[in-house]
Structures are given as C-alpha cells and as structure tokens.
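Novice: For E93, E334, the entry in TrEMBL reads active site, proton donor. Taken from TrEMBL, the feature active site covers D240, E352. Residues annotated as Ca(2+) binding site in TrEMBL: T438. As annotated by TrEMBL, domain 'PA' applies to 635-722. Residues or ranges marked as region 'Disordered' in TrEMBL: 755-853. Residues annotated as compositional bias 'Polar residues' in TrEMBL: 761-772, 806-816.
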Amino acid sequence: NQVLEMFDHAYSNYMEHAYPADELMPLTCRGRVRGQEPSRGDVDDALGKFSLTLIDTLDTLVVLNKTKEFEEAVKKVIKDVNLDNDIVVSVFETNIRVLGGLLGGHSVAIMLKEKGEYMQWYNGELLHMAKELGYKLLPAFNTTSGLPYPRVNLKFGVRHPEARTGTETDTCTACAGTLILEFAALSRFTGTSIFEEYARKALDFIWEKRQRSSNLVGVTINIHTGDWVRKDSGVGAGIDSYYEYLLKAYVLLGDDSFLERFNTHYDAIMRYISQPPLLLDVHIHKPMLNARTWMDSLLAFFPGLQVLKGDIRPAIETHEMLYQVIKKHNFLPEAFTTDFRVHWAQHPLRPEFAESTYFLYKATGDPYYLEVGKTLIENLNKYARVPCGFAAMKDVRTGSHEDRMDSFFLAEMFKYLYLLFADKEDMIFDIEDYIFTTEAHLLPLWLSTANQTISKKNTTTEYTELDDSNFDWTCPNTQILFPNDPMFAQSIREPLKNVVDKSCPRGISRVEESLGSGPKPPLRARDFMASNPEHLEILKKMGVSLIHLKDGRVQLVQHAVQAASSLDAEDGLRFMQEMIELSSQQQKEQQLPPRAVQIVSHPFFGRVVLTAGPAQFGMDLSKHKAGTRGFVATIKPYNGCSEITNPEAVKEKIALMQRGQCMFAEKARNIQKAGAIGGIVIDDNEGSSSDTAPLFQMAGDGKNTDDITIPMLFLFNKEGNIILDAIREYEAVEVLLSDKAKDRDLEMENMDQKLSENDSHNQNSEEATSAPQDIGTVSMEPEGGASSDVTDPDSLSPAHADSDGVSISNQDSSVPGTDEAGAPELACTQGGNQPQEQKAETESNSRVNWDSKVQPMESILADWNEDIEAFEMMEKDEL
C-alpha cells in the first residue's frame, strides 16, 4: 500500500505539472523540455520530446493493477506523442526507455485485451509506434562494423547534413550490446527480421573483439575499427547491461550461443573482477591488476543477474555489502571507494539495488530482504520525497536535492518494490510469463517461438573450455538450492554485517590461523611494517619477499609458487593489490598543488622557475605568500640521514640534499637542527624530470611532524642539477621557495645591466642563462615511469604512482616497497627502465650549458618552441 501511495504521488505530479514534457522537475514543479533548460550534457540525450516518462511508465501501471490509468495513458501516447522530432537522442537510452516502453505497453495491452475486460479497442497502435521508432534508429547502424553510432537524429538520421551527429567514433560496450531484447521482440512481434539481424550483428562484433586471453571486454570501443578505446573492464557503468542481455537473450530467444558467450564472460568475471564482496574493474590485458579503487552504483544490478544465473552465494555477499553502504549513507552513492567512502556523492534514485533485492527474495524466500525493501521505502519517503514528487540526491552526505526525477524511477523502482511485497493475489497476471528488460519492461516469453526468421545456428567460436558445472547451474530450481537450510542466506551475510564500518571485507586470515594466533583480521597493506617480524613471517607464507635496494628502500615481490599454499598465494595477491589501491586512493585524496623553486640571484633574477613537489609536513607555503628566500648550501652527509657535519655552511641557508636512505621527515629534522631555513631534496634517480614524470610529494614518517617548521620541497634530478650546475658556475646561488613563481627581481636586474652595459659579452651571457618560466611544468600523469616515496603504506604520498607500476601475477608480482628502519620509504616504480642511450641523452639535455657564454636569440626561441610543443603533445596524449 505504501508503494502504491508513493507511485501515485510521483505519477500524478508528473501528469499534473510536467506532461507532455519528457521528465518532471520536482523542486520547481514543472516539466523538463530539452532546449528550454540549461544543458546537462550527455544526460539530456535521453530526452527526445516524446513524453519519455509516460511511455516508460506504461507497463508499471499494469503491474501495480492500475488498469484504468493504463488505458488512459495509452490513449494519450497514441494521440499526443510525436516520434518525428528534429532532435539528437541517445540510441541506447531511446531503445531501452522508449522502444522498450512501447513494446512493454503493447505486451500488457494485448494480455489485458485477451482477458476481455480492458483495452478491447486496442489494435496494436503501440506496436506500430514501436516499429516507426525502430526504423528511425536503424540509420545509426550504418557502420562497417555493425556497431551503432551512439546518437541519431529522429528526423534526419545520421549522415544527413541536418542531422548534427554522425561524427562520433566511439561508443560504450553496453550502448552497442543492449539492443537484442527490444530489437528481437520488435522483429518477433511484427515479423520484420531486420531489427533482430542488426542487433545480433552488433553483439557478434563485440564477441569477436573480446580480449581472447582474459575473455573480458573493455568499456569503450571504436565503432569503425573495433579497437578498444578504454581497456578497463568491470560489471558497472559502460558494460553492465551487455552481460545482462547475453543471458536474457538466451532466456527469451532460446539461442544456445548467447548462453555460451555469457558463461564464458561470467567465468572471467568471477576469476578476475569478483573479489567478494567487491566487484573491482581490471585491465583487459592485465586482468590480475585492478584498474581503479572505487565501484559505481550501476553494478548493484549484478547480484540480480547472478540470481538468474543461479550463483546465489556471491549475489548474497555483494548485495549485503551494498546494503551496508546504503545503511551508512541512506542511499547508494554514484561511486564509492573500496573502503566504502563516498567517491561521487550524487544519487539519481537508481533502481538497480531494489532490482537485486527483489530477485534475491524470489530466490531465497528470506524475509530479511523484505526488511531491506522496507528500508528503501522509508529512506525514499524521509529523504527524497518533496511536494511535487521525489527529487534525486545531489549529495548523499548532506541530503541536498537535485531538480530531477528520471523516468527510470517510475519505470523500475516502483515496479520492483511492488513485486517484492506483492502476493500472487495482488497481481492480475503471472509475472513469470515475462522477462524484464534492463529498464524493467515486460516482454512475453512466448516470443521465443514466434516468427523465428533468424537461424539458430551457433555462431559462438573459440570460447574457452569451461568446467561443465558452470553450465549446470543456469536457471536452477530454487527449491533444490536450499533444501535443508533455511538459514543459508543468513549464514553468508553474517560475516559481512560490519564490512562497511570496519572496512575489512574478508574473514579470518588463513595465514594467521596457520600461525596459531587465533582469529585476527587479515594483514592490511596500510598496517604493514617492514620492521615487524610477525608481518614478515606472514608475507613469507604468502610468497611475498623483500628485496633490499641500495638506497635503503625495499621492494616487495610475490612469487606464488613460494607461498605455503594456493590459498596463501591468493592472500598474497590481494595484499599486493591493496598496496596499489592504497597508493592510488591516497594520491587522489591528498593531492597538493606543485610548488616553485625560483632562482633569484645573478644572472637569473627569477627567470628560472623549477617545478617542485610539496611536502605533507613543515611550513605550508600556500599560507606564507612571501615564501622563503635564501642562499643554497649542500649538506654533509649529502643524504641528510644523520647529524649535519657542516652546520656553519648550512645555518640561515636553504639546504640541498639527496633523496634516499631515510625518511624525508628525518632529513628535515636534521637540517632544521643545523639551522637551515628550508630544504630541497633532489631525486637520486638519474635523469628524472618533472616534464616526464608525475608530480612527487614527500610524506611524513607516520609520527607527529608538528616539530618541523621549515619548508621542504622536492626536485627531480633534472631540475636539481640546474641548481647544482649553477652553484658550480656562480658559487653564491639564491633561491625563493614559494607556492607559485613571483615577479622577476627587476631592480637587481637593472643594476646588473648598468654594471655591464659596456660589456656586450656579459649581456649575451645573461641571455644564454635565461630560461622560460615553465621549465619544469608538471605533466598530467603520463605513462612514463616514476617513483614515489612513502613511509609505511598508511602515509603513502599521493605521487601519482601509476597502477601500471606494479606488476601483479601469480608467478612474479612486485610492489617496490619500504625501508627497513621502522616504516620506511615505499617506492612504487615503473617496471622497466629507459634504455641506457636514452637515459644519457635525457641527462645531457636536461642541463643548461652554463659554460656557453654566447647563445643566439634564435636558438633560445627554438628551444622554447620545442618545449612548448612537447608539453602540448603530453597534454593532448593525457586528454
């Protein structure tokens, strides 16, 4: 009854305040008409001036037993809706929402007509509109690959001069692979085979382009060449409904090839992406390597699909994890991290979690899922309900609203919630006679035997051999799943009850059990200490060893064959992946802007500005606008890891030291004790440069660093050598450490020019030493190798440590790692070094030729142009 009342509130407000507009704007109580509201980008591609919400809601009215309202709605659609608008729409969204809505409406209309009470006047008008729309979508398929363009103009198609589309080269896998149900149903209803043929061709092409060794597909594909544009793979946004439609196409159409493809992909998903209870994206070419450290809310549909597949245990686990996130934030954020913090805070009232809840209740009969549904209803009424409907959440943390109520809210959310609580006598037809599309539209199962114009020949080729048991569990009888154990679902959920609060999704560590230390949480990457003997013993059992590097760091390497057992090897792999996740995650959270080291003494006068990495301790230069100015001095010992032996040379100066062999904070304390007013750490990695490596930041040592009051900056090897060469040439070199470059010292520069105005030789020398202010511009996370220092992993510096920098495999996985002394520097270095010749060239090019006293202006300008072109190319590559 509550669900019915909520639906009435949303639907009546749409009809009263928005119809015939596509969607309701519930905060301002008006309709959203495309072109009359500020553009929201791709989101607006679902709007086509075809009363989207009404069409999307048609079959929901019948499921909720509102047959009179359904009859009125169908008459409105037939009378008012125009599909011949000059407007560019998403092929994917128009297919699942509008074509699916018309077909779902037609399906239930003919069912009601057959029952003899309602819709007696109906003569297939919705189907005629569906066929008209189908023909309007067909021009999008005019590609050599058979993959459709992502957008089409309803009036002019794709190639027409007035179409304003057809220039796109890429589409998402789900966009091209979520057509078969609607297009095949349209062909089966009408007897026109072309729609099903086009949808099958697109699916066949994606299957052929899968990554053959992993059997995974990427997120984005080139519609002309079939090359993968985005090579990450998961079960969320961009791919989700492709997998869903493979299984459901088998159910609806009875074609074994779809089942074989689904099972092949599903085996790969469970092998690489599923890390219960998490589902994490991986690289299709390196599937043991996680591609990101967060999950998006669209993957909430996957437990429901696993129920259809018959794989109940992981469905229960992932659903429970998602429910814990909802209990923490009231709604499922658009994206959340692996330790369940908000990544993207919006929530547009998505129905995928309700969908999975319904399917799990159907599979288990466990009343727990009715309680979950009750929570969803209460949260919607408490936090999303507004006078004119239900408003999307702009931020789940603050409870702020967004002026949108998407059509899928009425099409799916109320359908699944009603079915969750409905008994058989509450339904006027048998829901088991239908299959749900990805938009929850109803297509009758009898279509499998209607108008079979397509040959059922098996077109699946070269799929990997699978264990036969993988096929046995498809469409199982739920009565034999839980014959003697009504507590089955609860026993799976129980270990996950506190997963969100404790951020510890796994149970008792097998390694620690084997050590006889009793039930303990597993060793987490953030807790790892290289000086802890117990931790080292655990690593050894997991096949992870420590390699000591000459600069005092250690490298973590996993050899699965050296693990105590296969289970321990799996633990080791997860530990290594956590190291990557932790680094990537914290770099996003703690990213500090770059700082500047400006050489202000003769003959530079501020024209040489070097990009420097900041420290997460010491003076915050962004709060001290004047910065710190002083002459530089090289310390002894050069690594700064013990008491400074030349304090008289360092006092009241900015100390130069080399990276490595101890903590950054330890270096800072030592030079501060010697009287230095600031410090510059120079990278010991020969040839490294800020224009080829990501910005580097210095982390603390895991202890309180409030005692460090001087500013500390990090320079890569190339930029550091510029200062060192200047010292060799001019001895007294003064620099300014600041948050950004300051104006040049014009007064000093003018004085210098007066002293030397009769000496043109000196003037040329000054020109030769000038350099563009962007000499050390930071590049945007290029692919090139970089190394990053951290203390223990808990204080990882967000130094853009690329996940590619760690090779994860069962045979030989390495996370370059930590120092021995307590929790030392962890280096996440790129596998594979530059060729020696290239290194030498980089080094020679990175230094300013201070010996050259004369350099023509043309030469300087040419060098500057080369730099600018290089930076533009790097930025273009990154974008």
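Heads up, the Cβ atoms here are built off N, Cα and C, so glycines get one too.
All annotation found in TrEMBL is predicted automatically rather than curated by experts.
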Novice: Taking the domain 'PA' (635-722) alone, what is its mean pLDDT?
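Specialist: So the average pLDDT across the domain 'PA' (635-722) works out to 89.
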Novice: Could you check which of the recorded positions E93, E334, T438 is the closest Cα neighbour of D240 (active site)?
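Specialist: Smallest Cα separation from D240 (active site) among E93, E334, T438: T438.
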Novice: Looking at the active-site residues E93, D240, E334, E352, which one has the fewest other Cβ atoms within 10 Å of its own Cβ?
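Specialist: Sparsest of the active-site residues E93, D240, E334, E352 by Cβ contacts within 10 Å: E334.
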Novice: Across all chains shown, how many C-beta atoms besides its own are within 10 angstroms of the C-beta of T438 (Ca(2+) binding site)?
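Specialist: Within a 10 Å radius of the Cβ of T438 (Ca(2+) binding site) lie 25 other Cβ atoms.
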Novice: Compare the C-alpha of E352 (active site) with the C-alpha of each of the recorded positions E93, E334, T438, and give the closest one.
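Specialist: Considering only the listed recorded positions, the nearest one is T438.
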Novice: Where E334 (active site, proton donor) and T438 (Ca(2+) binding site) are concerned, what is their Cα separation in Å, rounded?
Specialist: 18
